[in-house]
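**Student:** Straight from Swiss-Prot, here's the annotation block:
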- 1-13: topological domain 'Cytoplasmic' (TOPO_DOM)
- 14-34: transmembrane segment (TRANSMEM)
- 35-77: topological domain 'Lumenal' (TOPO_DOM)
- 78-98: transmembrane segment (TRANSMEM)
- 99-113: topological domain 'Cytoplasmic' (TOPO_DOM)
- 114-134: transmembrane segment (TRANSMEM)
- 137-157: transmembrane segment (TRANSMEM)
- 158-161: topological domain 'Cytoplasmic' (TOPO_DOM)
- 162-182: transmembrane segment (TRANSMEM)
- 183-192: topological domain 'Lumenal' (TOPO_DOM)
- 193-213: transmembrane segment (TRANSMEM)
- 214-234: topological domain 'Cytoplasmic' (TOPO_DOM)
- 235-255: transmembrane segment (TRANSMEM)
- 256-327: topological domain 'Lumenal' (TOPO_DOM)
- 328-348: transmembrane segment (TRANSMEM)
- 349-378: topological domain 'Cytoplasmic' (TOPO_DOM)
- 379-399: transmembrane segment (TRANSMEM)
- 400-468: topological domain 'Lumenal' (TOPO_DOM)
- 469-489: transmembrane segment (TRANSMEM)
Amino acid sequence: MGLLDPSQKEVLKFAVSCRILTLVLQALFNIIIPDHHADAFSPPRLAPSGSVDQLVEALLGGLSRWDAEHFLFIAEHGYLYEHNFAFFPGFPLALLMGTELLRPLQGLLSERSCLLVSVALLNSLFSVLAAVALHDLGCLVLHCPRQAFCAALLFCLSPANVFLAAGYSEALFAFLTFSAMGQLERGRGWASGLLFALAAGVRSNGLVSVGFLLHSQCRGFCSSLVVLDPLKGLVKLMASLCLSVLTVSLPFALFQYYAYTQFCFPGSAHAIPEPLLRLASDRGYRLAGDYEPPWCSRAPPLIYSYIQDVYWNVGLLRYYELRQVPNFLLATPVTVLVVWATWTYVTAHPWLCLTLGLQRTKDRESLEKPHPGFLSAKVFVYLVHAAALLAFGGLCMHVQVLTRLLGSSTPITYWFPAYLLQDREPLLRCVDTAPQKLLENSPPGQKAPRNCVMKLLYNWKTCSPVTKCILVYFLTYWLLGLIMHCNFLPWT
């Protein structure tokens with residue numbers, strides 16, 4: 001789709017506006033609300049800060065809370081501590097590239113200030129590009145421009161908004177993942193595999209995305225059985241499946257090998273500044289060269305699974321404690337959304353789901369009448385991906401992470417609400433396909449918006465209960481996340 005497409009221009013404009021508003025509000029909340037004293041990773045600042053650095057910290061310091069501090073530390077100092085290896089290198093490398101572009105300002109700003117500016121600029125860029133990529137993907141998969149347009153606008157108001165703005169890897173991951181999905185829908189398998197591999201170097205759940213490549217190849221194999229020799233086709237399929245798995249898992253394997261060389265080889269210690277050594281001693285952080293950690297003798301020697309187990313207590317049902325009830329409540333809306341989406345799709349297409357999306361229906365007639373929108377047959381693999389992430393995250397992870405995990409990994413969390421809005425909201429149900437037709441019912445004396453989300457907000461009183469629930473969820477988490485996360489309050 002061209003950049004001059006009206007709906008794409010509207011998505012771009014709305015995404016940029018939301019990014020600007022996000023940065024302004026986080027600065028405001030960071031200034032007027034005192035920070036909570038959280039027991040979080042807080043390394044000492046090695047370089048003195050000037051007045052400009054203090055200004056940058058006041059305006060953008062809200063982007064450096066919680067896990068963002070790990071990414072900033074890795075970008076500045078590298079992987080010094082063992083627990084730093086819980087955070088993949090893709091985003092820190094992007095930050096380093098951003099600071100290189102800011103090199104002319106390094107006489108004025110400290111390295112940390114340059115990193116904060118890089119976070120603000122790069123994550124704003126990645127979030128905008130992710131919104132455009134999601135719109136493009138929606139048009140390819142849903143075959144319903146209205147739902148694709150609405151879903152992209154909802155992404156701009158994502159409940160995971162603060163994590164798309166702060167020094168987290170979600171924005172870059174969403175951009176790479178949605179772009180990879182779009183390339184695969186266009187039949188560009190190599191480009192898709194490369195983008196999925198890059199995404200796997202940004203976040204660990206990128207490894208799950210190999211399922212899209214595997215499903216696409218299996219679907220191609222099934223459709224070619226009538227014209228190809230089955231044995232020859234099966235050999236070709238197995239080779240392509242293995243290549244896809246190797247391609248997507250390569251960044252993860254290289255990262256694990258790098259950790260192994262740092263902690264499991266004698267004499268791998270590096271010179272470390274005294275304040276960082278003192279921090280390691282005070283907090284019990286393990287450094288390379290201290291002594292060989294237990295994971296070095298495991299088979300395979302994976303530092304990532306060890307860190308998740310020992311440092312973060314990640315494991316099956318480990319988070320199911322009474323004191324974690326508030327975090328389960330935080331994750332309830334996105335859980336309900338994905339479960340509802342799964343139920344809606346499975347009940348609409350039971351045969352499609354039983355055949356794993358490889359054969360759409362028993363009835364040849366209905367094959368010729370594909371469902372547009374969320375109920376499209378192409379949505380099946382995306383729904384399985386979302387359900388798998390929800391199941392694993394809900395059973396094995398810190399459940400409050402589900403909002404940002406699903407919000408940055410799967411389009412289902414935006415396609416399904418868009419489907420509900422189009423299906424249940426009278427204000428949108430009767431509107432034509434083109435977004436520029438969304439012009440009626442706006443307040444007197446005001447120009448009616450093309451933006452369907454803004455249209456619903458302008459006509460809030462007449463919206464259906466389902467619409468109000470969706471908008472309240474998106475807007476509340478969008479704003480509350482900024483208020484709490486930027487001040488070290490528990491929103492992680």
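Glycine residues also receive a Cβ, built from the backbone N, Cα and C atoms like all the rest.
How buried are the listed features, and what sits near them?
**Tutor:** With a cut-off of 8 Å between Cβ atoms, the residues of this chain six or more beyond the transmembrane segment (14-34) that come close are 58-63, 120, 124, 127-128, 131-132, 152-153, 155-157, 161-162, 165-166, 451, 453, 479, 482-483, 486-487.
Predicted-model confidence for the topological domain 'Lumenal' (35-77) is 90, expressed as mean pLDDT.
Same-chain neighbours of the topological domain 'Cytoplasmic' (99-113): 45, 47-50, 52-53, 56-57, 72, 75-76, counting only residues six or more beyond its ends whose CB sits under 8 Å from a CB of the stretch.
Beyond its flanks by at least six residues, the transmembrane segment (137-157) meets 1, 7, 10-11, 14-15, 18, 130-131, 178, 181-182, 185-186, 370, 372-374, 376, 378-379, 382, 411, 414-415, 417-419, 421-422, 428, 431, 433-435, 451-453, 474-475, 478 of its own chain at Cβ-Cβ distances under 8 Å.
Long-range contacts of the topological domain 'Cytoplasmic' (158-161) within the same chain: residues 18, 22, 170, 333-334, 403-404, 406-408, 414, 473-474, 477-478, 481-482, each at least 6 residues beyond the stretch ends and with a Cβ under 8 Å from a Cβ of the stretch.
Here the transmembrane segment (162-182) has long-range neighbours at 19, 22-23, 26, 62-69, 71-72, 87-88, 90-91, 94-95, 115-116, 119-120, 122-124, 126-127, 129-130, 133-134, 136-137, 140-141, 191-193, 195-196, 198-199, 202-203, 206, 209, 212, 382, 404, 407-409, 411, 481-482, 485-486, 491, meaning same-chain residues at least 6 beyond its ends whose C-beta is under 8 angstroms from one of its own.
Secondary structure counts, DSSP: the topological domain 'Lumenal' (183-192) has 7 helix, 0 strand, 3 coil.
Away from its own ends, the transmembrane segment (193-213) comes close to residues 88-91, 169-170, 172-173, 176-177, 179-181, 183-184, 244-245, 247-252, 255, 304, 381, 384-385, 388-389, 405, 408-409 of its chain (Cβ-Cβ under 8 Å, at least six residues beyond either end).
Here the transmembrane segment (235-255) has long-range neighbours at 85, 88-90, 193-194, 196-198, 200-201, 204, 206-207, 209-210, 213-214, 217-218, 221, 304, meaning same-chain residues at least 6 beyond its ends whose C-beta is under 8 angstroms from one of its own.
The list of residues near the transmembrane segment (328-348) in space but at least 6 beyond its ends in sequence, with Cβ under 8 angstroms from a Cβ of it, reads 159, 371, 374-375, 379-380, 383, 386-387, 390, 394, 399-403, 406-407, 412-413, 415-417, 473, 477.
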**Student:** Same chain only, please: residues at least 6 beyond the ends of the topological domain 'Lumenal' (35-77) with a C-beta under 8 Å from a C-beta of the stretch. Say none if there are none.
**Tutor:** 23, 26-27, 29, 84, 86-87, 89, 91-93, 95-96, 99, 108-113, 115-117, 119-120, 123, 165-169, 273, 275-276, 278-279, 482, 485-490, 492
**Student:** For the topological domain 'Cytoplasmic' (158-161), DSSP counts of helix, strand and coil?
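**Tutor:** Going through the topological domain 'Cytoplasmic' (158-161) residue by residue, I get 1 helix, 0 strand, 3 coil.
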**Student:** Grab the same-chain neighbours of the topological domain 'Lumenal' (183-192) for me: Cβ-Cβ under 8 Å, and only residues 6 or more beyond its ends, written as numbers and ranges.
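**Tutor:** Sequence-remote neighbours of the topological domain 'Lumenal' (183-192) are 137, 140-141, 212-213, 216-217, 378.
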**Student:** I need to check the long-range neighbours of the topological domain 'Cytoplasmic' (214-234): which residues 6 or more away from its ends have a CB within less than 8 Å of a CB in the stretch?
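**Tutor:** Residues 184, 189, 240-241, 244-245, 356-359, 381 contact the topological domain 'Cytoplasmic' (214-234) from elsewhere in the chain.
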